[in-house]
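Heads up: the structure comes next, in structure tokens.
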Amino acid sequence: LLLCVCASFLITCLHVYGSDELTVYIVHVKGSEDVTFSAAEQWSDWYCSLLNKDAANVADLRIVYSYRNVITGFCARLRQREVEAMSKLDWFLHAYPSPVYRPLTTHTPEFLGLSQPSHSVWNATNMGEGIIIGILDTGITPGHPSFDDDGMPPPPAKWNGRCDLNASACNNKLIGARSFVNYATPVDDEGHGTHTASTAAGAFVTNASAYGNARAITASGMAPRAHIAVYKVCNEDTCHGYDILAAMDAAVDDGVDVISLSLGGPSADFHSNPVAQGGFKAINKGVFVSCSAGNTGPNRGTVTNDAPWLLTVGASTTDRSFLSTVKLGDGQELDGESLSQPRDFESKMLPLVYPGHATGNENSSFCLSGSLDGVDVHGKIVVCDDGGNGKAEKDDVVKSAGGSGMIIVNSPDFAYSTLVEPHLLRTSNVPYADGLKIKAYINTTSAPTATIIFKGTVMHTPHSPAMASFSSRGPSQITPGILKPDITGPGVNILAAWTSAFEVFSGTSMSCPHLSGVAALIKKAHPDWSPAAIKSAIMTTAYATDNSRGPILDETPPGRLVRGRSWSRGPAEGHGPRTRLRPHAPRLHSLPLRPLRQQPCPSYSWRTSELLLREEHQRSRAELSFHIGQAAGDPFDAGQLHADSDQRQGAKVDVPGDG
């Protein structure tokens, strides 16, 4: 562990290899059985204890972090040849360039059955009171009502963290905030971290909504009385592996119970993967680690954060839709979605045009900038294919050309997954299959017309949840024999806190903190359970059916998927009639493929969590019971939930579901 040797070695290499480019490497070294330290500073001092003055100056410039909790080692700016020579030293174990990760971008507590007034998980766990969730993301928005500490107790005595915000910014809800990004405060400039933190453990906020939609009596996170500690590891959309590893190291030292990582990076061998490495040690120290599965579906083998010991979360829909229905001149009505729901849009028929058909130009089909020049779209509803540019740019292009409305048609890969956004124009985002119907109508009609009917926020959408097409799929490229993702949670059109008020976003970034919050609730109910026990309890008490009592479906086109594990819900989700969740064995099924929207989802299971929003209408109730028991005798490890109920000691929790 003698970092001084490394620094001394650097000096001898400076002249020979001075032209090589410096890269940040994460370096694993052999630990010393003879030396232990209680403070991070002591570790750093020990690393540099043999350095002379000149060597220390080099170390100051080249060494970025010294780690002590989640790995034994450090990260430093090194040249490749320096690393090659360093590998010959007896203290060296392994080194690899630090990878870059990126952020993976409501009513769900009720949808998941957490918030029923009686016999609920919230009642049984006091909403996660006393549990600390560490959020590694883009920071936090202090002062947001989702982080108000009204009625919150102080953090537990084990809390050892700090707050690098203004003295009044942290409180009994937001107990810690640190930045691992150079020259940055923990304040969130992007909104992503604020969204994920409030999803996991946001406080109750009345009348939460986005652009007047998804309005609820009260919104909250999955574990509303849990404490939040924030570790900023991302600057804009870049999150360096060495910063993530340093934040995990600090979070373990600070005393968090759960680490939530809504970030994704390239697939890599576990020994060269900072999230896998840091997560392994964190879990060994009793910290549960929940990660996003990635947003690069529906192709196979795209899952990230796929180490077996991590909880890897896919994304699926809820039973809430923001309906904007396209009505064609021939009477067809095709449901789409939009976050903008104008009340002053007359539902009269307008001329309908598809520029891609009118011009034969692919750019026009995507409504790219300048592509509508010479196309008569004035006063018409314009059909634009998704892709090529952002939906906001399509808005600008169509509006500038004089269009009165817009229909965005999903790409074949996105199929039935409609992700809502606010729009300047009256807009409906429709599934790919419905887009084909619209184009066929245009091609076979001399004077095609259409209108858009806005129906607002609609609840009880059938066939919910359904697997989002963008959610990354298994198998793992590193360990194809292990099914990943582990489970899925609400990740489509999720309402949660933002830098200003509330916003709706989609992604496995949104589904991950749902499960982080659920893990906090289970940790509160069973403080002696290991992370492996909590993970097993979530996965083995899972549903394989949706709210229509059929298999959970996939929003991906047919023919893209293989048979695998059915989608299922975690222990807090009660959807359907009085159903007893079975904790003793995973409900794994090999199901036949069926047509789109009737196609069972492969290799994942439904997860518990999403932003808590109690909708204004009364939901029907169904009571759900589940047992989560720990095998008597030896401590839990992965796969240690036994099927023999006689070997288990369990606590029975009644959870009302919404049917």
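Any Cβ shown, glycine's included, is placed from N, Cα and C.
Keep in mind that what you see is a predicted model, and the values were worked out from it rather than measured.
Per TrEMBL, signal peptide is recorded for 1-18.
Annotation source TrEMBL lists domain 'Peptidase S8/S53' at 128-545.
Residues or ranges marked as active site, charge relay system by TrEMBL: ASP137 (among others). Within 10 Å of the C-beta of ASP137 (active site, charge relay system) there are 28 other C-beta atoms, taking all protein chains into account.
The active site, charge relay system annotation in TrEMBL covers HIS192 (among others).
Annotation comment: TrEMBL describes 350-436 as domain 'PA'.
Other Cβ atoms within 10 Å of the Cβ of SER509 (active site, charge relay system), summed over all protein chains shown, number 30. What TrEMBL lists as active site, charge relay system is SER509 (among others).
Annotation comment: TrEMBL describes 549-589 (among others) as region 'Disordered'.
If you look up TrEMBL, you'll see 577-587 marked as compositional bias 'Basic residues'.
The region 'Disordered' feature in TrEMBL is assigned to 631-659 (among others).
In this structure the alpha carbons, written CA, of SER509 (active site, charge relay system) and HIS192 (active site, charge relay system) are 8 Å apart. With a 10 A radius on its CB, HIS192 (active site, charge relay system) counts 28 other CB atoms from all the protein chains. The distance from the Cα of ASP137 (active site, charge relay system) to the Cα of HIS192 (active site, charge relay system) comes to 7 Å. Each residue of the domain 'PA' (350-436) gets a DSSP state, and the totals for helix, strand and coil are 24 helix, 21 strand, 42 coil. Residues belonging to the domain 'PA' (350-436) score a mean pLDDT of 92 in the model.
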